[in-house]
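According to TrEMBL:
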- 12-31: transmembrane segment (TRANSMEM)
- 43-62: transmembrane segment (TRANSMEM)
- 83-107: transmembrane segment (TRANSMEM)
- 119-141: transmembrane segment (TRANSMEM)
- 153-174: transmembrane segment (TRANSMEM)
- 180-202: transmembrane segment (TRANSMEM)
- 335-355: transmembrane segment (TRANSMEM)
- 375-394: transmembrane segment (TRANSMEM)
- 406-423: transmembrane segment (TRANSMEM)
- 429-450: transmembrane segment (TRANSMEM)
- 462-484: transmembrane segment (TRANSMEM)
- 499-518: transmembrane segment (TRANSMEM)
């Protein structure tokens, strides 16, 4: 498969994922806004911080390293060995869920049962839901490796929507159930998610007339189960060693990704109510990152991993592939920078209005608006880091991954200390400031790697981080106008003034996007050719 074909598949995966996720996330957004009006801040804090942290930590430690290793670009691989390796995530998940469940029940502060009832049941069911989700890991990796464009997005979005509907129904009709509601909804979510993959592959592999079977390394659904390979080796030890390298890195990356929740959970710097407000703002602020940046990062990680070879310098690889990777990286950096700047500039003047619409006075008063404004700047760093690490992790050799682990160790330690100190000094905003500091360091590390990687080639993909002065001036002007508009029109003047404030923002945003369209012609060409052109074939109908 040529680099251009892989690029087309990755672009199609990103664009299809983006469109579907926007649609499904909007539905979920409305349902969550409804649910928030029936909950206390304390329940939101326990569910969204304490229990979700248990669930995400179990999944991350059990599967992240396997995903990274098994999706690396290997032209010839024994998929039976790879699938056997992936099934190891299930016993690992059982171990981590039991161990972390004991920590959550025995070592951490237990919420007041009168305020947050059924906490122990919540811990058990959230840990169980993580194990259930790991049962679908071989199906997920196989689908990603063969770029089934819509399967992942539809499965996850359908599961999230059904979970949100179930949660809203139970909150409305059985509010006294407390954490039972969210625990059952979480278990329902993971069950539906796994069933979507199992049902899809069962139907696909059971259809002999399907041409898709020819592209798959398995012909029956039983081939996805653990089995003895022809060579007699249960797993590929090279993949296993790479998995171990990524596991060490994943452990540290998890601390960086969920660091503020660990600090809140283990150091008790915020009460459960403040944790709830922070987490809601954090989820709202990261909504665009999940909708736009995450599909792009996941899709183009696969592209870079397939096109580039880990153990070879850029000058020793096929130069056509290196050139295509450089051009794609430059365009992705430009896209991430523009999207992040747009969110930062316009998010500042519309944070309070967004929180008031989403959650009412519980969010729009107090520290909520300041948190969301700070998060808007953090989204800019998230956007750039997602693209740079996407390339870096796909191109690094095993030795470079191991060396990067030491950097991650230093970052993890500094983040925890900095989070604690800044939170003591300026409250929950300190978490965002600490995240910005560490994200900046991670971006610097990735930029240095990219510079070294292309140093002896004629390609300069980091040029994607340069914007024209005209466009920068338009951003500055738009930010100033919307800030003045907020002072005079939002948010205590009633809905006519709010709508006028929104109209001002829409006009400034349109002017900014128009300027970008005229000045960033190279990026527009990339978007048109790779994300906007319909393809005849599709891996998922």
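A Cβ is built for glycine as well, from the same backbone N, Cα and C atoms used for every other residue.
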Residue list, the transmembrane segment (43-62) vs rest of chain: Cβ under 8 Å, 6 or more residues beyond ends.
36, 89, 92-93, 96-97, 100-101, 104, 108, 111, 115-116, 119, 122-123, 126-127, 129-131, 133-134, 178-179, 182-183, 186, 247, 250-251, 254, 257-258, 261-262, 264-265, 271-280, 283
Please report, as numbers and ranges, the same-chain residues at least 6 past the borders of the transmembrane segment (429-450) whose CB is under 8 Å from any CB of it.
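Non-local partners: 256, 259-260, 263-264, 278, 329, 367, 370-371, 374-375, 377-378, 381-382, 384-385, 388-389, 391-392, 395-396, 400, 404, 407, 411, 414-415, 418-419, 421-423, 461-462.
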For the transmembrane segment (375-394), could you work out the same-chain residues 6 or more beyond its ends whose Cβ comes under 8 Å from its Cβ atoms?
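Apart from its flanks, the transmembrane segment (375-394) reaches 68, 72-73, 281-282, 285-286, 288-289, 293-294, 296-297, 300-301, 304-305, 308, 325, 329, 332-333, 335-337, 339-341, 343-344, 347-348, 351, 401, 432, 435-436, 439-440, 442-443, 445-447, 449-450, 465.
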Should anything in the same chain at least six residues away from the transmembrane segment (462-484) have a Cβ under 8 Å from its Cβ atoms, list it; otherwise answer none.
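Non-local partners: 329-334, 337-338, 341-342, 345-346, 348-350, 384, 447, 450-451, 501, 504-505, 508-509, 511-512, 515-516, 519-520.
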By Cβ distance under 8 Å, which residues at least 6 away from the ends of the transmembrane segment (335-355) in the same chain are close to it?
281, 284, 288, 292-293, 296, 363-364, 368-369, 372-373, 375-377, 379-384, 386-387, 464-465, 467, 475-476, 478-479, 482-483, 485-486, 490-491, 498, 501-502, 505, 508-509, 512-513, 516, 520, 523, 526-527
